[in-house]
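Report on the following structure.
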């Protein structure tokens, strides 16, 4: 089985090391690892959306259980390589961050089983990948600016400007589009239409991982909205007192 996984994995590790030792060499040791993780995410998110979109549009026989094409397998390998590199980052620097390590392991399970075990179902997995990564560029800009907002004035301004549109974009994608697609995905698999090529335990596992990830994402962005409104309310109250 032809794979591009190992060359792609070496590329992501090289990008991470380049970011850690050169791009962010003057940043605080506390935030250098997180910044380097964001850096490789920038090289994954938007390119992954482009790769996955092109691979799906080029396939004229798309169904939730259609056989993976070479282009779809490349898109899967690209994301597997990224998540393996970022998983190594968390294991080295944040070994107690069980949530993110668990997220990466679950995501890798879905990608790897789709790519190397059943070789079917890339339409579902890559569409979910697109929905997950389409907000990536905005999220990484928000994260990087947030990491420096307390010591760099421009970063603080950028963080404040990016927060509302990022939260809104993320909410629409993860709170509306994602659940709608998952509903159609569940309906297809429950009908038994894919059982001849994708074992039931595999697609059930996919659904559990996806629903869990979307639920956590919705909870995360909800908390961000709550924090934003709390800060705006506190700022407004302070201005009234000053006047």
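Including glycine, each Cβ sits where the backbone N, Cα and C put it.
Of all ranges given (135-156, 201-222), TrEMBL attaches the label transmembrane segment to 201-222. Remark: the transmembrane segment (201-222) contacts the transmembrane segment (105-132), by the rule of 3 or more CB pairs under 8 A.
The transmembrane segment (75-93) makes no contact with the transmembrane segment (167-189): fewer than 3 of their CB pairs lie within 8 A, with pairs spaced 6 or more apart in sequence. A Cβ distance under 8 Å defines the sequence-distant neighbours of the transmembrane segment (6-24), meaning residues of its chain 6+ beyond its ends; these are 31-33, 35-37, 39-40, 43-44, 77-78, 80-82, 84-86, 88-89.
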